[in-house]
Amino acid sequence: MISLDLNFNILTRDLSHYLENQVKVGLFGSGVGLSLVLGFSAAYTCYYLISVAKKPQLISGGKKFYHFLREQCPVVSETYYPTFWCWESRIQTLLRPFVTAKPGVIYRNELIKAADGGQISLDWFDNDDSLSHPDPATRPTVLLLPGLTGTSRESYILHMVQQSRDLGYRCVVFNNRGVSGETLLTPRTYCAANTEDLETVLEHIQRAYEAAPLMAAGVSMGGMMLANYLGRKGRETCLKGVVVFSAGWDVFECTASLEKPLDRFLFNSYLTSCLQASVHRSARARTIREFDERFTSIMFGYPTNDDYYRDASPVHRLKSVQVPMLCLNAADDVFSPSHAIPVEAVKQNPNLAMLITHHGGHIGFLEGLWPRQSTYMDRVFKQFAKAVIEQSNQLKDLS
């Protein structure tokens, strides 16, 4: 017993002496402390390179479209290196609006009338200084559709406008009714299933610039609306190609994912409040599902909310898409869970291609040490837009 007490006292004394020295010297002043930091850094680097940074998966229903993308859009074959300090899905999603720069863009606003008496706000970036396409009549046009409550001022939209400007193209942003400050002239707003306003906008653009090639890019709900439109129209569209980012393919699955406790707290409640504010009504909804049950599905005449969700899910219309459409989704996107990404449906249509990154979140895709200027999504957009506009002859028959 005396021996044990003596050894314990000696051990306590030595440990106290060691800790006192560490406090005086500091963590980085000791070999042990520096070794711990270096060891952790090496372990983190190995984990990042093995488990985080990966090449995206490219899936296409036809070899021709697949090889076109590999040749014209090298970004689809490159390893995606998410920003090493914020690669987790929710962090990417939350930080993008704050860390990415908002390029200065001066829009020309235009309000056009809809068939039901409502008005639609379009924000044009005419790019009159374009050197590659100086003639406005033939200058390529890119139609941009923001997300659920987004407008032309979202950072991801501004980045796509900037990329289009660099290519010499014109942009026009389709703002959904009521979200960009314009007065709601009718009770009706918007939803992913209804494409009447989108059709009105496309007809308007075509009348204004009949000789200019036209393509479109949609983000989140904007991408869902585009996919539903293409599925309904088949070949009866003026669009030369479409790119879709972070779309929700099955609304049932998307809604269920956002109702998990953490995601409801981080995203669902905020988006619901934005939806209620956009319609200036007291819908008394706590979640997106409640808002859709009490407002959206009723406003658009669906018997039940399930009927609306079924009609709004683009997965059911992918087989009818007849225009080249590239879709970018992250496997860790909580808005569009990986098990609901329609890989098999894409494989059945030669006009479709799906690009799936391991990380990226919802409209995140941050990359680089400090992701201010460009994201992986921006690079996909720029390369695909250029390929569609300038190599359209290669996309005429993908079957």
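Using N, Cα and C of the backbone, Cβ positions are placed for all residues, glycine too.
Within the same chain, residues at least six positions away from Ser220 (active site, charge relay system) with a Cβ under 8 Å of its Cβ are Pro146, Gly147, Leu148, Gly150, Phe245, Ser246, Ala247, Gly248, Phe335, His362, Ile363. Marked as active site, charge relay system by TrEMBL: Ser220 (among others).
Annotation comment: TrEMBL describes Asp333 (among others) as active site, charge relay system. Of all the Cβ atoms in the protein chains shown, 29 others lie within 10 Å of the Cβ of Asp333 (active site, charge relay system).
If you look up TrEMBL, you'll see His362 (among others) marked as active site, charge relay system.
As annotated by TrEMBL, domain 'AB hydrolase-1' applies to 140-238.
Per-residue pLDDT, averaged along the domain 'AB hydrolase-1' (140-238), amounts to 96 for this model. Counting every protein chain shown, 26 other Cβ atoms lie within 10 Å of the Cβ of His362 (active site, charge relay system).
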